[in-house]
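For reference, the structure is listed below as structure tokens.
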Amino acid sequence: MYAQNNSFDHGVSLFRKIYSKTERLLYSISNTKTKIRACWIVVILICFTALYSLNRLTPIISDDFAYLFIYGEEGRITSIKDIIHSQVNHYYMWGGRSVVHFIAQILLMLPTDVADLLNTLVYLSYIFLIYLHIKGRTKNSIFLFLTVNLGVWFSQPVIGDTIFWLTGSANYLWGTWLILLFLLPFRLYIGRVSTPILQAFYSMCIFTLGILAGWTNENTAAAMLVIVIGFFIYYRSHKWSIPVWAIAGFAGAIIGFIIMIAAPGNFVRAGESTSFSLYNLSYRLFMWTLTFFYYSGPLFLITLISIITFSRFSRGDKKDKMKLVLIYAVAAIAAVYAMLASPTFPRRALFGVVTFLIIAIGICFYNLDYKNVFLRQIRLIVVSVSLIAFLFTFYLGWKEINSYSKIVAQREVAIKQAKEKGLDYCEFTRYNGSSYIHGEDPYSEELMSRYYGIRIKLKD
């Protein structure tokens, strides 16, 4: 018993020494501008390298094969004109997400290296936008930036579908990036009125951006409108006037959203699905709630814990920051139940939900009073453990994506040989995917057959 107590005391003593040295190191870095800049550069380069390596490994899959062609036709896309023509077809035949599918087809038309580079840069700017939504106009924090990266990595249910897969990335990563970019001026506004000329310029810019953001993704764009309304209420609580550019942006967002949901293709697909009855609505309400809690329940619990912690250990204007937390948290819930209009709720549709919850959590934890030693210790432990966990999960992700990349390379060799021998088809085992890479859907056979110029069979 004595030996056990002695070992425990020794462990506590060792932890205190490590923590003390780490605190001194962090304090030294935080008080030297050169060291801070160096740390920022190192962290950004590591994030860029990690994400770019996974993007480079991820081959085209599933819907990528469809969007390499003019939608509804047999011709390959070779120009912007082809993509515009494709999206007109898509709007009338399938759905209204014209902006993000335009981006998808641009990425697929570009050389692979360029598309992967752009996708990685947009991911980093998406992280920076979350970071800016959290901190607002206050001072920078490398801890916050690092935590946002880790939060996205661990909280997004299927990063393979929403970040690495090009079509999925265009729909969710790029779409949410546009939405966060549109919302940033609303977050940074502090009641100052610009000159009439600047107001007119800002209004035109944000009106255009509002149309694009509203025309991206149904449930995340709906949540975006909730956030704008929330900010209008927030401004009035401060007795700030609602600026002209904000009204113009809101109008643009509504126009973009209406254009998206009014697409004739949506009604064509709706006619193929089950009718919208009270029974179906009740069923979806239950199942979509279950889906949310199954995949994002831990994050929702962290949101509640962060709000409770913030209410006890906050710094600055607690009431003001709590209003901001509620704006993003309510929007996240709105994004979940906006899916009631959809017959399915795929995990990737939680991308915007998780993004807004991360912002809500981030506002809480960024504004805690870190003069409290216990809070500093908890922050350091959480970030340290998360970094270690990231190394392991990154390796697993790299291994899975690399494995599928090799499968694709082997398939292409087999396809080439089959075509040379004059065979009618090639048969492969269907790849079902994982959290790190999208799987092959039921219609992948048809899409791959058109792309490779030989009939492809996928066996389960």
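Every residue, even glycine, has its Cβ placed from backbone N, Cα and C.
Unlike curated entries, TrEMBL annotations are predicted automatically.
Features reported for this protein in TrEMBL:
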type     : residues : note
TRANSMEM : 36-54    : transmembrane segment
TRANSMEM : 117-134  : transmembrane segment
TRANSMEM : 141-166  : transmembrane segment
TRANSMEM : 172-190  : transmembrane segment
TRANSMEM : 197-215  : transmembrane segment
TRANSMEM : 221-237  : transmembrane segment
TRANSMEM : 244-265  : transmembrane segment
TRANSMEM : 285-310  : transmembrane segment
TRANSMEM : 322-343  : transmembrane segment
TRANSMEM : 349-368  : transmembrane segment
TRANSMEM : 380-398  : transmembrane segment
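Counted over residue pairs 6 or more apart, the CB atoms of the transmembrane segment (36-54) and the transmembrane segment (197-215) come under 8 Å in fewer than three pairs, which marks the two as apart. At the 8 Å Cβ cutoff, the transmembrane segment (285-310) and the transmembrane segment (349-368) share at least 3 close pairs (sequence separation 6 or more) and count as touching.
In this chain, the transmembrane segment (380-398) does not touch the transmembrane segment (349-368); fewer than three CB pairs sit within less than 8 A of each other, excluding pairs fewer than 6 residues apart.
For the transmembrane segment (380-398), the list of distant contacts is 19, 22-23, 50, 53-54, 57, 143, 146-147, 150, 153-154, 159-160, 435-436: same-chain residues at least six beyond its ends, Cβ to Cβ under 8 Å. It is 117-134 that, among the stretches 117-134, 197-215, 221-237, forms the most Cβ pairs under 8 Å with the transmembrane segment (172-190). Touching of the transmembrane segment (244-265) and the transmembrane segment (322-343) is ruled out by the presence of fewer than three CB pairs under 8 A, sequence neighbours closer than 6 excluded.
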